[in-house]
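Here is what Swiss-Prot records for this protein:
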MOD_RES   Thr143  phosphothreonine
MOD_RES   Lys282  N6-acetyllysine
REPEAT    319-352  repeat 'TPR 2'
REPEAT    353-386  repeat 'TPR 3'
COMPBIAS  434-446  compositional bias 'Basic and acidic residues'
COMPBIAS  448-458  compositional bias 'Polar residues'
MOD_RES   Ser450  phosphoserine
MOD_RES   Ser452  phosphoserine
Amino acid sequence: MTAEEMKAAESGAQSAPLPLEGVDISPKQDEGVLKVIKREGTGTETPMIGDRVFVHYTGWLLDGTKFDSSLDRKDKFSFDLGKGEVIKAWDIAVATMKVGELCRITCKPEYAYGSAGSPPKIPPNATLVFEVELFEFKGEDLTDDEDGGIIRRIRTRGEGYARPNDGAIVEVALEGYYKDRLFDQRELRFEVGEGESLDLPCGLEKAIQRMEKGEHSILYLKPSYAFGNAGKEKFQIPPYAELKYEVHLKSFEKAKESWEMSSEEKLEQSAIVKERGTVYFKEGKYKQALLQYKKIVSWLEYESSFSSEEVQKAQALRLASHLNLAMCHLKLQAFSAAVESCNKALELDSNNEKGLFRRGEAHLAVNDFDLARADFQKVLQLYPSNKAAKAQLAVCQQRIRKQIAREKKLYANMFERLAEEENKAKAEVAAGDHPMDTEMKDERNDVAGSQSQVETEA
């Protein structure tokens, strides 16, 4: 029976008391949730905790009174399974359904609206009956932009509400799959942010930071959150590959948050992290280095309790971090971000040689030649012996000359075409066969003929 057939069958038919029947699917086996399958679904998969599910439903009281129906609204109802967005009976029952399945669910009050009811349609302590049809379900998108790059499906819910933060020590068991081929199977203990050194994709670390202790989840990673356009030769993963991971977060120890650290701790940790970032940078692990330098900025940027001596140390670390961030962004070809990091560095030291030079490089990379030239000229004004700036300024000048030459040629061709068209039009007018001239002659003949006709008729 389809959703439309359900609606047709229900119209006026549910007037007699409804029977209590079905298989007990309540966790306590207390007959709190009874289920009868009216039409089998397809496939073998059922929704998991956190999945977005899409259903049509109709609800009745036990006396047959209908109190709600998504069919009447002609709009499917959706919710996140297992998140407490609906009554308990629904979270329990829909988790057992397959796509296309139609079932009847009978819910005791403690699995529905309890002693409070849901006025005015549902009285206190009401047993409810629903018919539910499952159309679709999909995993939870964990990306900031909701671009579908990291999809999570929770096999087993974790405990509590705490989650690993950046720098937390996590203990995980994982399996990585590429097209059903198991390519990675390990138990690891590592610091969040260090995953790249263990050949873990960035999307996996990002997902781990959304997990709870004891959680077992399936993760689907798009290429930009997996091994990207480089692939991973060690695992025989080609470029632009989509991956699947099964991850069990066994335990974790949270790192101290910024607000939990003293000013002295922040400076000590920043110095350690700076060295770690430098090691990653030298190894060509620019994303890893980026994470380290970002930590320093987050710890020090808004700290107001430093002593006068600590302020100088903090400023030096912040300046170095912004400059190093700019260098990482340049290596990763994130040129706008590189400019932003240079600007932050130049706010701390307006004549900083590296800040001006790296900003010039970022401008040059995106063909902002005038801005790049200004930065390189400023470097040479302040530091005349900077050979790299001289070389880059020469590149700028050369590209600006080429750009001017291209524009001159473009405009010359444009003006030449316009002149040719103008001369051609003049020649056609002189010959009397210009389209506009012909049209005007036709119009004059039409007008003359009309006038003659009017005069004759008059």
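For all residues, glycine too, the Cβ spot is worked out from N, Cα and C.
From a predicted model like this one, the values you see are computed outputs, not experimental measurements.
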Review point. Using DSSP, how many residues in the repeat 'TPR 2' (319-352) fall into helix, strand and coil?
Key: 27 helix, 0 strand, 7 coil
Study note, to complete from the structure: Across all protein chains shown, the modified residues Thr143, Lys282 give the max Cβ-within-10 Å count at Thr143
Check your understanding: Reported as an integer number of Å, what is the Cα distance between the residue listed as 'phosphothreonine' and the residue listed as 'N6-acetyllysine'?
Key -> 29
Study note, to complete from the structure: Counting only residues at least 6 beyond its ends, the same-chain positions whose CB falls under 8 A of a CB in the repeat 'TPR 3' (353-386) are 322-323, 326-327, 329-330, 333, 335-336, 338-339, 342-343, 345-346, 392-393, 395-397, 399-400, 403
Practice item. Kindly report the helix/strand/coil residue split of the repeat 'TPR 3' (353-386) according to DSSP, in that order. Key: 27 helix, 0 strand, 7 coil
